[in-house]
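*Asks:* Straight from Swiss-Prot, here's the annotation block:
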type	residues	note
ACT_SITE	ASP8	active site, nucleophile
BINDING	ASP8, ASP10, ASP178, ASP182	Mg(2+) binding site
BINDING	LYS155	substrate binding site
Amino acid sequence: MIKAISIDIDGTITYPNRRLQENAVEAIRLAENLGIPVMLVTGNSACFAYAATILIGTTGPFIAEDGGVIGDKSNNRIFLGDMGDSMILWSELKKRYPNAEMSDTMKYGERRAGLVIKRTVPVEVVRGIIEELNLDLIAVDSGYAIHVKQPHVNKGEGIRNACQKLGITPEQVAHIGDGENDLDAFKVVGYRVAVAQAPEVLKREADHVTTKPYGDGGAEGIIHILKKFGYLEI
């Protein structure tokens, strides 16, 4: 039985320009009103996830930095990773690609569990340097940025740890996402929903694919879960 919903933010509850989609917010609040805690899961910074949690009104823990940080509305935080070899990678990348840029959240010192690079450099290039230097890192393209992190840091492990706070198992969670970095979440949860614009690799692992993209798809996914598991009448 599904007892909680975890959901990605960018591209899943937003418009393509990253503005919050009203239907998605309403669907999240409906789930919360029905007693289903919602966990926001994002590759973005903990500050971003905390603010979204407060403004949207979710009661579940938030999972930020691609699973590297778990937090709650009281702003308590648990760090599951650190920067590791990230700055070694960054130094080498800048030598070879001087136009490479970190995300703005890196510039402002908001991140603690990994490096985020703007998509001006192909993810294959980043992975190649990691392999060449034998660094203990992985690189994942979320569709919005390239996330470089320690191998144990991912959305799936973040969900596992967040579930302990809720007193449930990951198998009692339904996850909704739209990016390659949602694959690890799909591996641990009990039900998987991919939003329509998600890459094929994610859709192949989904139990359900929405007909609508972006925030409309996120809203559709939540309603689908609520109906499938008996929280709403069909």
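In case you wondered, yes, glycine gets a Cβ from its N, Cα and C as well.
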*Asks:* By CA-CA distance, flag whichever of ASP8, ASP10, ASP178, ASP182 among the recorded positions is nearest to LYS155 (substrate binding site).
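*Replies:* Given the candidates ASP8, ASP10, ASP178, ASP182, the nearest one is ASP182.
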*Asks:* With an 8 Å cut-off on Cβ distance to the ASP8, ASP10, ASP178, ASP182 Cβ center, who else from the chain surrounds the Mg(2+) site?
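*Replies:* Near the Mg(2+) site, the remaining chain residues are ILE9, GLY11, THR12, VAL41, THR42, SER142, GLY143, ILE176, GLY177, GLY179, ASN181, VAL195, ALA198.
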*Asks:* Any idea what the Cα distance is from the residue listed as 'active site, nucleophile' over to ASP178 (Mg(2+) binding site), rounded to a whole Å?
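*Replies:* So the alpha carbons of the residue listed as 'active site, nucleophile' and ASP178 (Mg(2+) binding site) sit roughly 7 Å from each other.
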*Asks:* Which one is it: of the recorded positions ASP8, ASP10, ASP178, ASP182, which Cβ has the fewest other Cβ atoms within 10 Å in this structure?
*Replies:* ASP10
*Asks:* Hey, what's the Cβ neighbour count for LYS155 (substrate binding site) at 10 Å?
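*Replies:* I get 31 for this one.
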*Asks:* Please report the three-state DSSP label of ASP182 (Mg(2+) binding site).
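*Replies:* Note: ASP182 (Mg(2+) binding site) is helical by DSSP.
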